[in-house]
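Chemist: From Swiss-Prot, here are the annotated features:
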BINDING   22, 56, 57, 58, 80, 81, 82, 113  5-amino-6-(D-ribitylamino)uracil binding site
BINDING   85, 86, 127  (2S)-2-hydroxy-3-oxobutyl phosphate binding site
ACT_SITE  88  active site, proton donor
């Protein structure tokens with residue numbers, strides 16, 4: 001049996017990041033943790049491109065454009081959707097996740113989805129550092145995995 005090994009070497013990988021500006025304090029924390037981890041994995045700052053969007057629902061459209069541009073090896077979606085008093089939380093959470101998955105499946109470009117969906121600010125704040133860094137790990141691993149197939 002041939003086993004494909006995990007490869008977290010980010011050297012020479014080109015990464016696009018789409019950051020939702022809604023709940024910006026959470027998004028900025030995710031971005032910092034993500035970029036710090038990308039650097040630790042060997043991704044050069046010049047190989048990281050950031051685009052911001054108003055909210056999570058707008059992320060898939062920009063991710064699709066980035067994927068279609070053939071300028072990126074992988075993409076990362078960052079942001080936070082925090083439950084409010086209306087059904088809007090479910091719509092935004094579900095549709096942004098579906099849109100991101102659709103882009104990934106239709107283009108073959110790996111996308112790490114770190115748009116947090118939480119019940120409250122405290123839950124989001126508790127996840128910022130870990131989820132931001134995990135997104136970096138996920139995208140680098142998936143890029144390298146796809147290269148081995």
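Quick reminder: no glycine exception, Cβ is built from N, Cα and C everywhere.
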Chemist: Fewest other CB within 10 angstroms, which one of the recorded positions 88, 127?
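Modeler: Result for the recorded positions 88, 127: minimum number of other Cβ atoms within 10 Å at 88.
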Chemist: Let me know how many other Cβ atoms fall within 10 Å of the Cβ of residue 57 (5-amino-6-(D-ribitylamino)uracil binding site).
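Modeler: Other Cβ atoms found within 10 Å: 19.
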Chemist: Find the shortest Cα-Cα separation between residue 22 (5-amino-6-(D-ribitylamino)uracil binding site) and the recorded positions 85, 86, 88, and name the residue that gives it.
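Modeler: If we rank 85, 86, 88 by Cα distance to residue 22 (5-amino-6-(D-ribitylamino)uracil binding site), first place goes to 88.
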Chemist: In Å, how large is the greatest distance between any two Cα atoms among 22, 56, 57, 58, 80, 81, 82, 113, the listed binders of 5-amino-6-(D-ribitylamino)uracil?
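Modeler: Greatest Cα-Cα span of the listed binding residues: 16 Å.
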Chemist: Under 8 Å between C-beta atoms and at least six apart in sequence, can you list the same-chain neighbours of residue 80 (5-amino-6-(D-ribitylamino)uracil binding site), or say none if there are none?
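Modeler: 20, 22, 23, 26, 27, 30, 115, 116, 117, 118, 124 - these are the non-local Cβ neighbours of residue 80 (5-amino-6-(D-ribitylamino)uracil binding site), listed in sequence order.
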Chemist: Neighbour count first, Cβ atoms within 10 Å, every protein chain included; then name which of 58, 85 tops the list of binding-site residues.
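Modeler: Counting Cβ neighbours within 10 Å, the top one is 58.
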Chemist: Using all protein chains shown, find which of the binding-site residues 86, 113 scores highest when you count other CB atoms within 10 A of its CB.
Modeler: 113
Chemist: Find the shortest Cα-Cα separation between residue 56 (5-amino-6-(D-ribitylamino)uracil binding site) and the recorded positions 85, 86, 88, 127, and name the residue that gives it.
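Modeler: That would be 88, nearest by Cα distance.
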